[in-house]
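Engineer: Got a structure for you, questions after.
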Amino acid sequence: MLATVEIVAHSSNVSSLVLGKASGRLLATGGEDCRVNIWAVSKPNCIMSLTGHTSPVECIQFNCSEERVVAGSQSGSLRLWDLEAAKILRTLMGHKASVCSLDFHPMGEYLASGSVDSNIKLWDVRRKGCVFRYKGHTQAVRCLAFSPDGKWLASASDDSTVKLWDLIAGKMITEFTSHTSAVNVVQFHPNEYLLASGSADRTVKLWDLEKFNMISSSEGETGVVRSILFNPDGSCLYSGSENTLRVYGWEPDRCFDVVHVGWGKVSDLAISNNQMIAVSYSQNNVSWYVVDLNRVKKSGSVIQGLIQDKPIPAPTSALGTTLRRNYERPTTSCTGQDPEGERRSPSSEDEKEDKESSAEITNPEDYKEIFQPRSAISRTPPKRTEPFTAPLEHSFSESVLEKPGPAVKIVTPVIDRVVLSVGPITSSTPVQRVEPTVIAAAPRIILSTRNEPIGLNAGDFLSHARNAKASVMGDEEALAQIRKGHDTMCVMLTSRYKNLDTVRSVWASGDVKTSLDSAVSMNDLSIVVDVLNIINRKPSLWKLDLCTSILTQIEELLQSKYESYVQTGCISLKLILKRFWPLISDTLTAPPSVGVDITREERHRKCKACYKQLKNLSNVVKNRAEQVGRHGSTFKELQLLMAPLYC
């Protein structure tokens, strides 16, 4: 076992790290300095430093191709970076507490996140929105894992349970409750219907996902189980605890080997070229280790003294006949339908946050070699065929400690932090998305119920590799398909242009009230939304006269099936309540004036009309506040602002 490199990873304490499982050659670290740093394993120089979070980074995850990395922060926000383009892709908001677990869907543009608030959210990273929320845990969700076929999601929690979720049905399939302490890690078998979990109770358990019962419980760990990993061929399970690596088999329970290593509280494991790469951290230092798996027993006789009086069957290859069925990947093609539900449009605040995020390339040579290769087909630093080697003796000051056993030599190099010249800085730019407003590109529809995961398409969670070949379309047919609906689109755009031009001509006179009235009179909510979006950006334009004209339209917007309409209606109503509710309340409760005061009577009339309309709106808000997700939270906030109306 070789401790290849020890580095100073951050300017403050390291709070999270993860290895790239596809290659085993990339490492991402997150720290209390709110940065995410990308490293090539066995090299002491940081490749890239990602900024944007304003609170400590609590968890990190690479996607399957290691082209993207996502980080969750203590504030509950998630940021997704494209490593090859060196820019921020998405900022996702929604969790009410620290994000402590992440996982990418194996075959789609989906991401799962677990939080200290006990909720699990499924995100569509293409549309910058939450697709569904899974509720069931009572404490922090510490680990998430998608099944190899992409149909299930497993979650492990501090409440000592492991839950299995059906992504398509949006419900919990089963719950495993045999652990007695917090469950730290969970992983699916790469081939068979098996699930492994490791816990703070120092046990590793395996579960049969066909019968939903426990088939193995391995005890004897020297400390908390912090990381588990199936061998790529599925023949055994590696378990990492404090200073110890164990190799387990199941049916029956047996321990093939115990390797005593000095990696401390190991945080993550990966396998590359029949070598196990392990990483651990302490304060602001990160160390990674390499274990030669050729010297580790992965089958054969049981370790004496650990488990007794259990027959050991002849070892079988995981690639041959298995004890249970394999994950099937049907050739179901994607329909291209967009998932719908709790998504939201990018707000100005999100765009500002994305602009403030950046990817600072600190090692241009390694960055180009790993993320922008000229001739390499596979992007692995270094080549996958090259095993890790021990550090050169003249490179670092070393202390070499010889120990007997499976581990040949432990090398603990000590190096000073290297100060690098800052390379080119690539500022990130958010992906802009235009809100569609016409029939051919209709706004996203919000369905009224959220009891099921609305809009999830089974094809998005299945492999695209075996899709049926699409028939070749001729040029004439393709042009006809493109032109389909073109005339209707032109009519709609021409009509809308004329309406907006009419409103603009009135707006040029400086009369906002008349402009808004003209937009309302056109009986086209899309025009009203456009005008409101302008007024909402400058709250000083709001007057009491505008409230009397627009509150009826806001009621229609809040009940609309289009998300952008609902969002605009909520923003407008919130501004009205914050700016005018004290005036409306004070005017209606004030004692009658003495004498004739025309101005006061006119204001009293307007306030009375606004109160009546707000009273009607309060019922709409109350009903919509029962929804889950982002819009549910917005309506709950409006419900609090409208609390006096419920008295």
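Just so you know, the numbers here start at 1 and follow the chain as drawn.
Cβ coordinates come from backbone N, Cα and C, glycine included.
Computed from a predicted structure; not experimentally measured.
The repeat 'WD' annotation in TrEMBL covers 7-49, 50-91, 92-133, 134-175, 176-217. Sequence annotations record features per position, and here TrEMBL assigns compositional bias 'Polar residues' to 318-336. The annotation compositional bias 'Basic and acidic residues' is assigned in TrEMBL to 340-358. Per TrEMBL, the feature domain 'Katanin p80 subunit C-terminal' maps to 484-642.
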Engineer: If you average the pLDDT over the domain 'Katanin p80 subunit C-terminal' (484-642), what number do you get?
Structural biologist: 84
Engineer: Within the repeat 'WD' (50-91), count helix residues (DSSP H, G, I), strand residues (E, B) and coil residues, in that order.
Structural biologist: 0 helix, 24 strand, 18 coil
Engineer: List the helix, strand and coil residue totals of the repeat 'WD' (176-217) as derived from DSSP.
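Structural biologist: Grouping H, G, I as helix and E, B as strand yields 0 helix, 25 strand, 17 coil.
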